[in-house]
Amino acid sequence: PLQDYISGSLDVLYYGPISIGTPSQALTVDIDTGSADLWVPSGCGNCHGRQFSSTSSSTYRLTNQDFSISYGTGQVSGKLARDVVSIAGFTVSDQAFGSVSTESSDFDNQPNDGLIGMAFGTIARSGQSTFFENLIKERKLAQPLFSVHLSRHQERGSSVCFGCVDSSRAAGPVTWLPVISKTYWAISMDNLWANGAETPAKLTAAIDTGTTLIYVPFAIAAAFYGLIPGSKRASQYGPGFWTVPCNSIKQIELSFSGRRFSIHPNDFILGRVSANSQDCVGGILAASTNLPSNLAIIGDEFLKSWYSTYDYGKGARVGFWPDVNN
């Protein structure tokens, strides 16, 4: 089970329970397919959530390796450690994780204690296999895949299915898309569509449960909003934002490997500029300049409409099923 952290009209992040140590200690972690490291706070003076007590675990081992990772917003640092880790009844007896002693203030108001990266271990800052990859190596799963259902504006009801597909979350047939780089869950992106008009977007798209919105390069964001009459730059919210007339959005779609997938309008529209305004803030943003110019990040705004499966088999692929949310 996952819990949806809701702030205003936004489903900000999704987090669930994890157990670490002997005897086990219960913490919570953000589920993030856009990174590949597990970390929890331990002996952290500026951390606000629950912390892992290393001295209370008889199986804890601290290494001499430094650990640090930076995200789109926020960074953490500490040391690499190893211990027993369990999630949803699955256990890895010698899992590497970051024992974090410093967090940036970006994490202060988040309800989760730590984070679990579910991308490929090839991009792990620790240089170690992920928790899920270790489950595969130890043959503990029925299938080498996991599936994610993200609820819309409901604290309860979201979930990760380890080694399985929960057919009660899928409202239609699956479309499988090949992974083009075993780093992120990266697939080929072709176009963005607004109300039947399209703009080309030849990008690598990282499917990222750990990101709230959708980010594309500036030129593509500008071309996309150019398809919507009345759209305007909205730098008061940040350099990557645009507004659109609230009643103008009928259908927003993304095209991956030639297949089109819609985004629910309620997820694309982030809210009105002001109470009586006819303009609303759009949910496709221009990425900051420190991201690669050919990369799109496809976050929860899209995934609430599509039950997603991340399969290490068949050469690695991502599956999208119409979600019961819709």
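One-based numbering along the chain as shown.
Heads up, the Cβ atoms here are built off N, Cα and C, so glycines get one too.
When averaged over the domain 'Peptidase A1' (14-321), pLDDT in the model lands at 96. TrEMBL lists 14-321 with the feature domain 'Peptidase A1'.
Sequence-distant neighbours of D32 (active site) (same chain, 6+ residues apart, CB-CB distance under 8 A): L115, I116, G117, M118, A119, D208, T209, G210. Taken from TrEMBL, the feature active site applies to D32 (among others).
Look at TrEMBL and you will find D208 (among others) tagged as active site. The number of other Cβ atoms within 10 Å of the Cβ belonging to D208 (active site), over all protein chains shown, comes to 26.
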